[in-house]
Every structure is written in C-alpha cells, then in structure tokens.
Amino acid sequence: MVPTIDMGIPGASSSVAHVPTRRRVLLAEPRGYCAGVDRAVETVERALEKHGPPVYVRHEIVHNRHVVDTLAKAGAVFVEETDQVPEGAIVVFSAHGVAPTVYAAAAERNLQTIDATCPLVTKVHNEARRFARNDYDILLIGHEGHEEVVGTAGEAPEHVQLVDGLDGVERVTIRDEDKVVWLSQTTLSVDETMEIVARLRQRFAKLQDPPSDDICYATQNRQVAVKAMAPECDLVLVVGSRNSSNSVRLVEVALGAGAEAAYLVDWADDIDQSWLQGVTTVGVTSGASVPEVLVRGVLERLAESGYDMVQPVTTANETLVFALPREIRPAR
C-alpha cells in the first residue's frame with residue numbers, strides 16, 4: 001500500500017510515491033501570505049478592534065479581492081487618496097508604501113496615520129533616499145503605475161527613472177557613469193529583473209547593485225517552488241487577484257519553467273472545467289497576498305473532479321515575522 005499524508009481536505013492525501021497515471025495535485029510550499037502581508041492585514045484588524053469602524057485605508061491594503069472585501073465588511077473603508085478621509089480620522093497606509101507627499105497631505109488634514117508598509121518596501125525607500133542624497137541616478141525597475149513604484153519614486157523624484165521592462169532600457173539617460181544604481185519593485189520576476197539588469201549593464205558598465213536584494217524573500221521563494229513543480233505539471237493554477245504583481249509573475253514563471261498551461265484564479269469558482277480535460281497533474285500555488293482558505297477551496301474543488309491525491313513540493317521554510325506598527329501594538 002502506498003503511504004499517504006492527511007492534508008485535511010476531504011478525499012485528498014499526499015502520496016510519497018510517484019504515481020504519474022493517477023490524477024494528482026502538486027502543492028507548492030511556501031505559498032500564500034508573506035510576513036509583510038500578514039502584518040498589513042493584522043494592522044487593519046487591530047485598528048478596527050482598538051478604534052472601532054470606520055478605519056480608512058488608502059488603497060487596497062494588499063492586492064487580493066477576498067481580503068479587501070472581508071475587511072470592508074468589518075468596517076474598513078478603502079479610499080484612493082487622503083482627501084477622501086474626514087479630517088482627524090484614522091487612515092492606514094497600505095503594504096505597498098507611500099511617497100512623502102502622502103504623509104504631508106495626511107498631516108495637513110490632521111489624520112491619525114498608521115503605516116502598514118512592508119518593511120522590505122521601506123528598505124527600498126531608504127535606499128532611494130540614500131542614493132539621492134549622494135546625487136546618484138536611480139534606475140527603478142518596476143511596473144508603471146504600481147503603488148509600490150509610485151511610493152518609491154516619490155522618495156526621490158528628481159533622481160529616479162522608471163525602467164518598465166526591456167523596452168525601457170534604451171530610454172534611460174544618466175548624468176555620471178560613476179554614479180548610477182538600480183533598485184527594483186519587490187514583487188517582480190527574478191529572472192526578468194536580472195535580464196533587465198544585464199541589459200542595463202551593457203549600456204552602463206559601472207552600474208551599481210543595491211546594497212541587498214530588493215526582490216523580497218517571499219516573491220523569490222514562491223517562484224522557486226513553482227519552478228520546481230512546473231515541469232511535471234499539465235496545468236498550474238495560481239490563486240491570486242489580477243492586480244497582484246507577484247501572483248501574475250507566478251503564472252509567467254510556471255509557463256516559462258515548463259508547465260503546459262497556467263491560469264490565475266481568485267477562488268475555486270474561477271476554475272474552468274475545460275482546463276482539466278486530459279490533465280493528470282495540476283500544480284497549485286498562491287500569491288503572497290492570498291489567504292490559505294482560498295487555496296483550500298481550490299483543492300476541494302479539484303478533489304471533486306478526481307484530483308484526490310495532494311503531494312507537497314517544499315523548497316523553503318519561512319519563519320520571518322514582522323512587528324506590528326507601534327500605534328496598534330498591544331499594551332505591555
């Protein structure tokens with residue numbers, strides 16, 4: 001008898017034997033919430049507990065429809081700009097970070113601010129300020145219009161040039177070849193970013209690297225796990241929202257690593273049964289802003305379709321935890 005591991009899903013188990021002819025799910029580990037998302041979501045929850053609703057949140061706290069809808073039902077009010085927040089009210093800044101001008105606008109309206117910016121995004125902000133003080137040209141690799149990019153660029157608007165994909169490389173101009181550095185959005189594809197850096201370095205031989213890797217540990221870990229399982233997958237399902245950069249990148253990584261097909265789904269109801277025709281192995285993962293309950297829903301739906309064996313594919317163990325913002329930490 002093939003030994004199995006109970007996965008806590010009706011009808012699903014993880015076999016330690018390779019049975020390629022039986023319908024199965026390869027489940028990426030790690031997946032889902034990263035430390036920054038966990039901190040941001042808990043920040044809004046704690047603010048609601050401490051102050052009661054409404055608690056205003058500038059932009060989606062994280063890029064996931066389920067999370068935003070759940071917090072909205074609990075009393076969070078999501079706005080695009082601080083001028084939509086009543087004077088003197090509480091406003092939480094999202095995990096993606098904000099530019100200094102946003103803090104200034106909040107202060108003018110006497111808003112009580114709680115900063116849920118991911119500490120790894122804050123690190124990139126600090127790097128941008130430091131290099132700007134030293135009069136560097138900063139080449140920021142990222143997606144135009146993404147909240148994180150807007151926030152980072154806002155730290156040093158006169159020094160930052162956005163490089164959005166390989167096409168953006170040729171548009172870059174610099175003042176001093178000895179004073180040019182690249183930084184990046186934290187949720188990009190590692191491979192694509194390194195390709196852009198290599199192209200930039202062909203133009204600017206003295207291009208400096210950031211002091212430490214800007215692409216966050218969770219983004220990298222989730223991409224590595226997908227790369228490990230994709231070659232064995234007929235189909236990869238990435239649980240995540242379409243405005244989630246890191247989730248979209250996982251679909252691209254899966255296809256690039258050998259999966260025959262890959263799709264982004266917000267939840268189980270998004271699965272098109274035609275995708276499963278002729279499919280033996282389905283890979284499942286989730287973006288860094290996705291709660292595990294949505295992954296469980298997908299696994300249950302797959303089990304109903306005969307994919308009742310779940311095999312974990314573990315490439316890293318994550319233990320990092322970030323402290324909550326001081327404004328909502330429990331009293332000692």
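Including glycine, each Cβ sits where the backbone N, Cα and C put it.
Quick look at what Swiss-Prot lists:
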type	residues	note
ACT_SITE	E148	active site, proton donor
BINDING	C34, C118, C216	[4Fe-4S] cluster binding site
BINDING	H63, H96, H146, S244, S245, N246, S289	dimethylallyl diphosphate binding site
BINDING	H63, H96, H146, T186, S244, S245, N246, S289	(2E)-4-hydroxy-3-methylbut-2-enyl diphosphate binding site
BINDING	H63, H96, H146, S244, S245, N246, S289	isopentenyl diphosphate binding site
Excluding H63, H96, H146, S244, S245, N246, S289 themselves, the isopentenyl diphosphate site's Cβ centre has within 8 Å the residues V62, E148, T187, N243, S247, G287, A288
Quick one, of the binding-site residues H63, H96, H146, which Cβ has the fewest other Cβ within 10 Å? H146
In whole Å, note down how far the CA of T186 ((2E)-4-hydroxy-3-methylbut-2-enyl diphosphate binding site) lies from the CA of S289 (dimethylallyl diphosphate binding site). 13
Binding-site residues (S245, N246), the one with most neighbouring Cβ atoms at 10 Å: N246
Using DSSP reduced to three states, classify S244 (dimethylallyl diphosphate binding site) as helix, strand or coil. coil
Counting Cβ neighbours within 10 Å across all chains shown, tell me which of the binding-site residues T186, S244, S289 comes out on top. S289
C-alpha of N246 (dimethylallyl diphosphate binding site) to C-alpha of C118 ([4Fe-4S] cluster binding site): distance in Å? 14
Around the Cβ of E148 (active site, proton donor), the count of other Cβ atoms that are within 10 Å: 25
Those binding-site residues, out of C34, H63, H146, S244, that come within 10 angstroms of T186 ((2E)-4-hydroxy-3-methylbut-2-enyl diphosphate binding site) at the Cα: none
Near H146 (dimethylallyl diphosphate binding site), which binding-site residues out of C34, C118, C216 have their CA within 10 Å? none
Where C216 ([4Fe-4S] cluster binding site) and H63 (dimethylallyl diphosphate binding site) are concerned, what is their Cα separation in Å, rounded? 16
At the level of the C-alpha atoms, what whole-angstrom distance separates E148 (active site, proton donor) and H96 (dimethylallyl diphosphate binding site)? 5
Rounded to the nearest Å, what's the C-alpha distance separating H63 (dimethylallyl diphosphate binding site) and C34 ([4Fe-4S] cluster binding site)? Just drop the number here, would you? 13
Between C34 ([4Fe-4S] cluster binding site) and S245 (dimethylallyl diphosphate binding site), the C-alpha gap once rounded to whole angstrom: 14
